């Protein structure tokens with residue numbers, strides 16, 4: 001009998017993340033093009049959709065975590081994950097207000113599900129293997145996004161409409177939910193409460209501030225997609241997404257293999273620093289009317305910084 005490295009729940013949840021991203025990332029990658037170029041909405045409409053989905057979505061994440069404590073992480077994870085396919089119907093609407101509302105509803109469900117799913121993973125691991133378990137989930141998560149981005153541009157080049165392309169995303173999302181359903185209850189020993197040192201508190205405060213500032217400065221990858229789609233063609237615009245996702249996945253794998261003495265310094269240099277450099281490169285390419293190669297290189301640097 002083969003001895004598993006992790007509890008079976010870890011594999012189920014990790015592949016659930018893989019299929020979830022394989023589904024909804026198809027819609028995420030094509031949303032800006034669909035809203036602005038297909039439905040002819042003003043660009044600010046897409047910006048509002050992104051702001052509401054992410055901004056109010058943070059509240060749904062909090063509510064999901066709260067309800068998980070009250071009613072159980074598995075139950076709330078299943079409810080949230082089963083509602084994500086709502087965004088798969090975004091392409092069926094020809095009114096951008098309706099399409100945006102449908103997308104936002106599905107994205108809120110995704111945020112609602114995320115904290116309970118993390119709780120399930122924590123409950124299925126020990127302190128010794130928890131980091132590796134989260135690494136496995138993240139790797140499969142991003143891997144699903146890479147495949148989704150390739151599938152998106154492939155289906156578009158084959159002539160399928162966005163309505164059909166987005167509907168395709170519903171099938172892996174259903175599989176994702178079934179994998180959560182398949183998880184089993186676990187009994188986990190409580191971890192000893194860690195002693196908070198003043199240095200650790202200051203470090204955590206610094207990370208929270210840096211994260212907030214990064215949130216203000218970073219923008220949705222939908223805008224670089226839309227920029228290339230409007231200046232060149234939709235196909236070239238959609239190509240931004242697989243480049244971004246592939247480099248992000250490769251970067252995440254590379255970072256996981258690097259042992260840094262100062263992980264905080266590594267985060268600043270290879271994370272926020274590269275992301276800022278990539279964003280600056282995109283801006284300069286637009287202002288100076290640079291080449292495709294330089295634009296895609298800047299997108300790759302942005303992906304590396306956000307991996």
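Think of each number as a place in line: the chain as shown, counted from 1.
Using the three backbone atoms N, Cα and C, a Cβ is placed for every residue, glycine included.
Taken from TrEMBL, the feature transmembrane segment applies to 12-37 (among others). Tertiary neighbourhood of the transmembrane segment (12-37): same-chain residues 43, 45-46, 49, 81, 84-85, 87-88, 90-91, 96, 99-100, 103, 106-107, 110, 117, 120-121, 124, 133, 136-145, 147-149, 151-152, 156, 162, 165-166, 168-173, 175-177, 179-180, 182-183, 220, 222-223, 225-226, 229-230, 234, 237-238, 241, 245, selected by CB-CB distance under 8 Å and a gap of 6+ residues from either end.
Counting residues 6+ beyond its ends, the transmembrane segment (43-68) has Cβ neighbours under 8 Å at 31-32, 35-36, 76-77, 80, 96, 100, 103-104, 107-116, 119, 220, 222, 226 in the same chain. Annotated transmembrane segment per TrEMBL: 43-68 (among others), in sequence order.
What TrEMBL lists as transmembrane segment is 134-156 (among others).
Annotation comment: TrEMBL describes 162-182 (among others) as transmembrane segment.
According to TrEMBL, the feature transmembrane segment maps to 203-221 (among others).
What TrEMBL lists as transmembrane segment is 233-255 (among others). Listed as Cβ neighbours of the transmembrane segment (233-255) (distance under 8 Å, sequence separation of 6 or more from its ends, same chain) are residues 25, 29-30, 33, 37, 138-139, 142-143, 145-146, 148-150, 152-153, 156-157, 221, 224-227, 266, 270, 292, 296, 299-300, 302-307.
What TrEMBL lists as transmembrane segment is 267-297 (among others).
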